[in-house]
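**Q** The structure under discussion is supplied below as structure tokens; questions concerning it will follow.
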């Protein structure tokens, strides 16, 4: 109870400060607003057709920037709207077309600003090799020789193809934006990342008459830190799969969910490719204060991607390393010595340089165990990580610090979560993740504990060869319990309040039953629903002074409409405030019979604000998400109305 009271007190304080800042904020566009102006990237959209052959009527409305088709898998396109096309009407028309699998904005992906490179010695800067137990692995592990080398694809800014340290490891890659050119790195990020992979591998190469059967493939999808996007990154994953990569490394990303990225990651998993992603780095304000350091970036947050957090030289999680659902392991990421452009070396920091260490270990495991599935490789890395806290999993470091030697010398357990037979020993997790285990006879019980921040619908989907022999008992924090059997486990939907949910598997047979359970969470509708259109907008009282709304974008493509009645001429000031970078709010405001105004100057996790001189009549306010995604965390709509004196 005390924890809940403290949480409510903090939330109230945040709201009071937000109200004060909102009312006292000067009108106008700040320099930061201008720097975050997204107008240049609006009107680019990613679309996938279910059966290819785009509708000619659709093609009349767009300029096709890029297109690709793979057999019967449907056609994917990057398009830009033609001048004069109303984006709102266009999106509603084509996102609901029965031939369209998905349609969403071409979200921007980024890599971090690089630190200055420093030329100098190497040995004193390679602390990370000791911390992840790589040097011990070099001494004791003997890799088998292979006819076909294992390939790690680095989907990034390219790689310095002439760097002498990297050249022995490189194989032919691709440049997706400029196919006629080599994937030569001009910015440096991909070169930094590749150097970390090579550094982990090189110790095995030192052994006499041993050739390491691992190579690095550059897949260039961006030039620098600001020109990445979800379309080309997703296509980079597909290109790596086409070129027979075994491991794909993504030291880039965004807080925003994307169906195109989810589609590409799912395809890689089905093709047997291991995907590793950096957890992402916190957003820091100009005063050096952390604004957000959770949740994880996508694609690291996807359940089939190994999400990697960052540690410092003392083995502690770096405060700027993103945490949350999807963190699997941690590796050193602070001041990592690696390759830089023009054949030089330097140091850099961030989760981008922790993730390559995990990618290198995934490749080494694939060398030793070529028949392992991506899920088995992920579980072996999790199983052999050294826990950094009391729980077997936590939202900062996942299962713990990467251990190269253990990962290469340990046999994978059938169930890495044991013992978890009771509620008190339940494996901790968060929604929207995947959990693999095995029930081993009638005396075994496997328990999973998920924490839910806000009420809504939690869905458990279980896959198992002998699912009909499984039982699933679910208990809420308040004690309410239900049990599901056999085919019911295909989809168990629960309406739940905030708190912990414990799910326990069991069987009445003596069988050993491996299983996989996926959880999905969807927030519940807020008190203003159904308000998806202007004609059924929720009425908001507009007294002189201040009004406040708390609501949730609870479904895909949710538009929340509000209607206010202005009785006298005055000034209407509207702000939508958010408390998560999963939300990139878009604010629309207009009077009946007047032209719509749209405010979307800032990025994910930042508020949008509009000020208008208003005349008497009905005025409409719409709140939506730029990525058109479900956002579990509520937003806050502040409305301030002053009568003209």
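Cβ atoms are placed via backbone N, Cα and C, with glycine included.
TrEMBL labels come from automatic prediction, so no person has curated them.
A quick note: this is a predicted structure, and the numbers were derived from the prediction, not measured.
When I checked TrEMBL for this same protein, it listed these features:
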type	residues	note
ACT_SITE	156	active site, charge relay system
ACT_SITE	189	active site, charge relay system
ACT_SITE	352	active site, charge relay system
DOMAIN	148-400	domain 'Peptidase S8/S53'
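Looking at the shown structure, can you explain where the listed features end up?
**A** Counted within 10 Å of its Cβ, the other Cβ atoms near residue 156 (active site, charge relay system) come to 29, all protein chains included.
Just so you know, the Cβ of residue 352 (active site, charge relay system) picks up 30 other Cβ atoms within 10 Å once every protein chain is counted.
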**Q** I need the CA-to-CA distance for residue 352 (active site, charge relay system) versus residue 156 (active site, charge relay system), whole Å please.
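**A** Each residue's Cα considered, residue 352 (active site, charge relay system) and residue 156 (active site, charge relay system) end up 10 Å apart.
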**Q** Cα-Cα, whole number of Å: residue 189 (active site, charge relay system) versus residue 156 (active site, charge relay system)?
**A** 7
